[in-house]
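Novice: Take a look at the following structure, please.
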Amino acid sequence: MVGGLLCCLGMVTASFSTSVVELYITMGFICGLGLAFNLQPALTILGKYFYKKRPMASGLAMAGSPVFLSTLAPFNQYLFNTYGWKGSFLILGGLLLNSCVAGSLMRPAGPKLTTKKSKNKVGVRATDPGMKKKHKKKSIWAKIDKYLDFSLFKHRGFLIYLSGNVIMFLGFFAPIIFLAPYAKDKGIDEYSAAFLLSVMAFVDMFARPTVGFIANSKLIRPRIQYFFSFAVLFNGLCHLLCPLAEDYPSLVVYAVFFGLGFGSVSSILFESLMDLVGAQRFSSAVGLVTVVECCPVLLGPPLAGKLVDETGQYKYMYVACGAIVVLASVWLLIGNAINYRLLAKEKKLKETTKKIHTPESRESEPLKTSKSHDVIVKSIKSQKSKGSGVNPSERETNI
């Protein structure tokens, strides 16, 4: 709800901006902070509500953005032509207040946990000097680690996921940004060029829940990391084939396949992360991933624009983005294959160690000791009954 208020404040104040620096503060910082406040709870709360059908729930939840994007592209063009960029920001700021309504629906799942007071009050008082010293020793890093689990950087699967995403995001968003300019460069009018984004978003809208449904199946979910790698690969191949589109119908075909690939990746992007780290550590994992991924997300579009300026053609930019995304998919595929093998070996090792330490393998020893114990007890009783007063031997006592 605070995120919705920040987004509205950023967009409305941006409509009164008179310089690019003011836009950096209003649109970049205030509105960006609000969007971050919106994303984190929306992703985390899925893990609180769902487990068995979580991939399907993630796909349906992620389908919200393309629903709005499919209508927003032509709507933005209409607002810009009618009210200018300042009026457009003012109207969009009012629309973003709907995030407050969405936030009000996010309620805690399940009843609150209540602790019962035990009858036997045995413990250490908080006033003890030893306890006070322990509380004082809590450093700032320990408090930060409570909210951001830095031990995830020792997690093998998390590191594979993070490194693959860093590579992928260098070429992930630039094709969307330059789709309409690329169509205009081919001589297509601005409304038809903006309609390509609507086509892409319309396909994306159906692709996300469909892919989420497929990812929830018994065949795919145990190996969802492979499924994610192939989705990234499909996305990269679409960009590599984009330069073959020379007219408007072929660009529409590209937009359809691009929407399918983009929706496939977006649907299981965070589900694959939750599959690696678990629901308990997911909130910290999302925070760390988004912080690290800021660099490639920020660098990707400007570098793509620089490539267009240097070459004077958009096709080289699409080929470069496609190659980067394909490289990321290969990295994820190889890394996940190694990770799955190592996990299988670790699981087998744990099973063998459990078998060694199970009480079944030591059944004969307790039987022997119990028999000897009975004999010793009988001899002690007989000695006591006779009144001989002889104490049991040291060996008997030790046994």
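The backbone N, Cα and C atoms fix where each Cβ goes, glycine too.
TrEMBL does not curate its annotations; it predicts them automatically.
Look at TrEMBL and you will find 1-347 tagged as domain 'Major facilitator superfamily (MFS) profile'. Under the heading transmembrane segment, TrEMBL lists 24-45, 57-75, 87-106, 158-179, 191-214, 226-245, 251-270, 282-304, 316-338. Per TrEMBL, compositional bias 'Basic and acidic residues' is recorded for 353-376. Sequence annotations record features per position, and here TrEMBL assigns region 'Disordered' to 353-399. Annotated compositional bias 'Low complexity' per TrEMBL: 377-390, in sequence order.
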Novice: Would the transmembrane segment (226-245) count as touching the transmembrane segment (24-45), i.e. at least 3 C-beta pairs under 8 angstroms with sequence separation of 6+?
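Specialist: In this chain the transmembrane segment (24-45) does not contact the transmembrane segment (226-245) - fewer than 3 Cβ pairs sit under 8 Å.
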Novice: Looking at the stretches 57-75, 226-245, 251-270, which one shares the most CB pairs under 8 Å with the transmembrane segment (316-338)?
Specialist: 226-245
Novice: Rank 57-75, 87-106, 282-304 by Cβ pairs under 8 Å to the transmembrane segment (251-270) and hand me the top one.
Specialist: 57-75
Novice: Checking distant contacts: for the transmembrane segment (158-179), what same-chain residues at least six beyond its ends satisfy Cβ-Cβ under 8 A?
Specialist: 152, 193, 196-197, 200, 225, 229, 232, 235-236, 239, 242, 255, 258, 262, 265, 272-273, 276-277, 285, 288-289, 292-293, 295-297, 299-301, 303-305, 308, 314, 317-318, 320-325, 327-329, 331-332, 335-336, 339
